[in-house]
Amino acid sequence: MLTCLLLPTGPLASHLRIDHTTLDPDEWYIVNVWFQGRFYSSVATLMQLFHSGQLSFSPRPFVELYPEETMEAARAAANRSLPSAENTTRTAETPPTATATATATATATGPACPGDAWGMSRRRLSVQGRHVRFMDWEVDLAVRRETGLRLFNVHFAGVSLAAEAGLDETVTLYWGESPFLRQMTSVESMYGVGEMLSELAPGLDCPRHAVYLPVRLVAAQLGRGPRQLRQGVCLFEWLANANGAPERRHFELSPTTPTPTATATATATPAEMGFASGVLGRALVIRTVSSLFNYDYLFDVYLHASGVIEFAVTPTGYVHVEASHEAGPSRRRRRRSFGYGYKSPRFPLLFAMHHHLFHFKLDLDVGGTRNFVQTVRVYGDQSDSRPDLSPAELDAVTVDDDDDRIEGRDAWLLWMHSTVPQAELQARYTHNFNLPTQFLVCQTAKPTQTLTPTTRLEEEGAAVDGFGLNDGRCVELINKGAIRSLVDKEHMRSFSWAQ
């Protein structure tokens, strides 16, 4: 089997394809050479064309990208921008023994209305070892070498939601003209998302007043060995919505309002004015940052006051570049070289097009370990998926009574249909852009619980492992970052979850 080692060699934009199948380095040999957009059978062939003047190429001198900046100026700027950890942090060290625990507390932060509950110095966050309490939330934190931040034993208001949750894999796909970027698929767990954890900078990565937790790890990269990050995880309370909106609110006037008398205006009591309710838009943020070579990833977990748990990723850092080839063997090749990214207006560089994919693991235990999956699909009378309905589904939504028609239109302009998958493959979480679908994981009723046949599923006698279904607690899974895959399945065999 032929394996290849591609060695980029700097400004000349050349790559060597080497067969290193054998374990003996003396038997390795160069298969071919890629030079500025074209393959050559050997180095001798390339040099022969060069000496005969038949080789068309573009010189690539080293370019000083920022000639006005010196290393001394860069170091001074870095020292000014990063606050001193000793002066700005409060760390909650993990005790060496299981009997003693360290507790850290934090007050509400961020914009708040004067005098409201969030603006007061009420202690909401408690950290004991790796056990976190925040309002109705309770979770245990850990950092895995391969995947980074992990949550265990997630509870809200005393109800179990998940046994384990967190990132399971992240992949970055690159495209380009050079062989290096053509084959560049970075599976980050190979390097270790947790192993590449970065020290957090107070005032930059997290607020200065955040609670910081240390992380102990063994770093094999660059031979660094065992080490401890004093500020590997930070926790802080922040706005749940970027615009500061509440999680939910409602106000309604009373149906009976006071009427003014002839001499004076009546004073309304709160009961006469109506009623209001709402939940403030605050959340606990648990953050880590992994520096995977040219990219840094901010991994956030939001524990919302409403009971929503959210996982978010913010990529930042530097994009991969490769040299552009304005002068090449053909006009067609020159046009194609700019089809894989944006060209720098100042330098002969292409900023490579790439695609980030993230895979999260959710081991849900909704109210216990006996759960079932329910899918809810939404249809409309103009839906392209309507012909795909089974006879039973059509019977469930068909309206025969003429009284249920409105101006010649069916009364069921929108309707929903729920099913319980009976096999694991039927319950796969897939995003169909043409057919909106809700995926629910629900708590299974106890055998002694009396069930009311209020749903079609119960009327059909649906059950899971002898346990009946009910209208109990459910957790909905929402993928806010779903996009259509532009890569074929053959290219994604090593990370088939992206299909």
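Each residue, glycine too, has its Cβ placed from N, Cα and C.
Per TrEMBL, the listed range annotated as region 'Disordered' is 78-113 (candidates: 78-113, 438-473).
Of all the Cβ atoms in the protein chains shown, 20 others lie within 10 Å of the Cβ of TYR295 (2',4',5'-topaquinone). Summarised as a single figure, the pLDDT of the domain 'Copper amine oxidase catalytic' (124-384) averages 83.
Reduced to three states, the DSSP call for TYR295 (2',4',5'-topaquinone) is strand.
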